[in-house]
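Copied over from TrEMBL:
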type: BINDING; residues: B:GLU201, B:VAL484; note: Mg(2+) binding site
type: BINDING; residues: B:CYS220, B:CYS223, B:CYS517; note: Ni(2+) binding site
type: BINDING; residues: B:CYS223, B:CYS520; note: Fe cation binding site
type: DOMAIN; residues: B:24-140; note: domain 'NADH:ubiquinone oxidoreductase 30kDa subunit'
type: DOMAIN; residues: B:281-523; note: domain 'NADH-quinone oxidoreductase subunit D'
Amino acid sequence: MFRLLWHHLAKTPPSPPIAAAQTDGHAGEAVLVRPLPDGWCGTSVHMRHVDCGSCNGCDWELSALLNPVYDIQRYGLDFVASPRHADLLLVTGSVTRHLQEALTMTYEATPDPKVVVAVGDCACGAGPFSGAYACGTGAEDHVPVHLKIPGCPPSPAMIIAALRALLK
Amino acid sequence: MIRKVLSAWVSLKSDRQGNLWGTVLPEQGPEVAQVVHGQLGLPLTMMVAVDERAKSGVYRLTYLFSLIDKPAFLALEMAVDGQAAEYPSWTPAVPAANWHEREARDLLGVVPVGHPDPRRLVLHGNWPHGYHPLRQDAPSEVAATAPRRFSFRPPGEEAMQIPVGPIHAGIIEPGHFRFTAVGEQIQALEANLFYTHRGIEKWCEGKPVMTVLAAAERLCGVCSLTNSLAFCQAVEAIAKVEVPPAARYGRVLLCELERLYNHIGDLGNICAGTAVALGTMAGTRIKEQLQQLNDALTGSRFLRGILVPGGLRRPLAAEGIDKVLREVRRDAAMLADTLLGHASFMDRLDHTGIVDRATAWRLGAVGVAARASGIDRDCRRDHPHAAYHELRWQVPVHQEGDVAARLKVRIEEIEQSLSLIEQARAALLAMATTTTTTMKPGDWAAVIDEYPAGRGWGVAESPRGETVHWLEIDAQGLVSRYRVRTGSYANWPVVVAAVPGNMVPDFPLINKSFELCYACSDR
Ligand code: SF4
């Protein structure tokens, strides 16, 4: 174990730079579609992820934010395990029929004021399977969305940049 | 041999690829199933049901079994009357048919009589009774009814039920687990999945092949490459095209890159399940490095947009990848050695979540789950595709069937993948020609138009196990039926069987040791 720790502290080359990993996010810029609610903290933001039927691509990019390369906690952003602790919901997936209720319940369980971010084309309402019978058409149909981050999936670098823009 | 044994019920014909085809009468189904699975020992690969009532008044069901002494398959077809829409279930004889038959009942309304589990599987939410979306005459949209709750089996006396999900406490996909526990000990587990069901198979009907290729890549984020590979091979089987060598070796390289970033990511996840933060971080860091390599090589961190029926979209610039892979080899080996040599870590893994060989075989386990329980199955070797049969590699198998065995299989597969990538890279560099597709570049739509109608399937080994795509193309060159059975779909019932007898806090660890997807199982 110490060997591994030593190796990672001393021998591992510096983490690959963030800028090297931006190509998947070419779909467009993040857009603020609704003003942030009054009195929202804007610093030290606690985020809860809600998978509403994503293909897992967007989810993996969200969990990549926690790896040592992106290390999102250093920006004052972190993931929490319960909506009760959250200031912000990250929605991925097109909100499938089977998950509509779960999204609404999660939203209601989150204390006000809260911000909703749609991550990826699916959650933004432009997913690849729009029109399929159980697919749904994005987060906006069920909860008020503040920020849309397009991309299939958006790269971790793009997600970080968009989230940091929300901070005061 | 098979022909002779089955001659009392079916006469088998073989096709160009050596697959055996036969037609079974519905009333003889269970008997034939017993012979094929119980006596001949063939594992069920998938069952696909198609609504052909408009053409011939029947539902056509095809049970696909894998031949064990040959790289081909046995396809047994059955015509189920369109009016009565029921047939004797094969599940009592072939337990692995369980989900397939339940799915066909939900989506097409063909009822397996005598099936041990009459509950809904895929459409469990707010769907009206009698709505079967894959029937040709089904409306494409129906209004929601009041939510219907899944009927879990009631707990016994003194036991309690612990509901978990569908939204979990981490960045994970959704599914509902219901534990029946006495104190800390789990007596039974039921999984209610299909929350991310989007209706992709129906969406693909009537669409051109290239549109469906994009859909195949987006069924699942982290098995994108395997799914597109299986899909491309299904198209190639129908169109009878050969793939040029540069593309075959390129496919091996890409498929192993996918296995590598998934398996190494899972080493990190197992550490998260045992609270070894250092290992988690080491795992996610190497995974990130590999995903950036994917990006540099294909323009996608998930290896999307590179495969195409007939080959690859463009040649791979594989010269430069060896530097990153050398680092990955060194770092992954160090992580693996540290974990395997750490007594308190291994103590959590040994004897946890055991699946014995008989259970794994009965439930039709595939991939790492099968190979950690002593079942030597790997479709890269058993159903040769791409260039796997031209390379030197081994299929690691362990016998114990616990979390530790699944970890060891993964670690050994990481070595094999690195070696396969190295061999494929060397072969690519030595090749004079870089032609990567047999089809005309440019206008793919025009090329696809030349495809003959037909049906076929493609098989590939995802990091989770054998993945099969069944495809039917009509006379207009459009997809008329598409069904996907991924490694995760086959293995979920195995997870459920691995849990009873363990402690509640060990469930996340057991679940991570299988590392299954929800999205490509739910579709
Ligand atoms: S936007 Fe793309 S990557 Fe994200 S969930 Fe949808 S299909 Fe998957």
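Cβ atoms are placed via backbone N, Cα and C, with glycine included.
Just so you know, TrEMBL annotations never went through curation; they're auto-generated.
The subset of binding-site residues B:GLU201, B:CYS220, B:VAL484, B:CYS517 lying near chain A, with Cβ atoms under 8 Å apart, consists of B:CYS220, B:CYS517. Per Cα geometry, B:CYS220 is the residue among the binding-site residues B:GLU201, B:CYS220, B:CYS223 nearest to B:CYS520 (Fe cation binding site). When secondary structure is read from DSSP and collapsed to three states, B:CYS223 (Ni(2+) binding site) falls in the coil class.
Around the Cβ of B:VAL484 (Mg(2+) binding site), the same chain contributes B:ILE200, B:GLU201, B:ALA216, B:LEU219, B:ASN227, B:ALA230, B:THR467, B:VAL468, B:HIS469, B:TRP470, B:CYS520, B:ARG523, each under 8 angstroms and 6 or more positions distant in sequence.
Other C-beta atoms found within 10 angstroms of the C-beta of B:CYS220 (Ni(2+) binding site) number 30, with every protein chain shown included. Taking all protein chains in view, 26 other C-beta atoms sit within 10 angstroms of the C-beta of B:CYS517 (Ni(2+) binding site).
In the three-state DSSP assignment, the secondary structure recorded for B:CYS520 (Fe cation binding site) is helix. Summarising the environment of B:GLU201 (Mg(2+) binding site), the number of other Cβ atoms within 10 Å of its Cβ, over all protein chains shown, is 22. When other Cβ atoms within 10 Å of the Cβ of B:CYS223 (Ni(2+) binding site) are tallied across all protein chains shown, the result is 31.
Helix, strand and coil counts from DSSP across the domain 'NADH:ubiquinone oxidoreductase 30kDa subunit' (B:24-140) read 32 helix, 34 strand, 51 coil. Here the Cβ of B:CYS520 (Fe cation binding site) has 30 other Cβ atoms within 10 Å, regardless of which shown protein chain they belong to.
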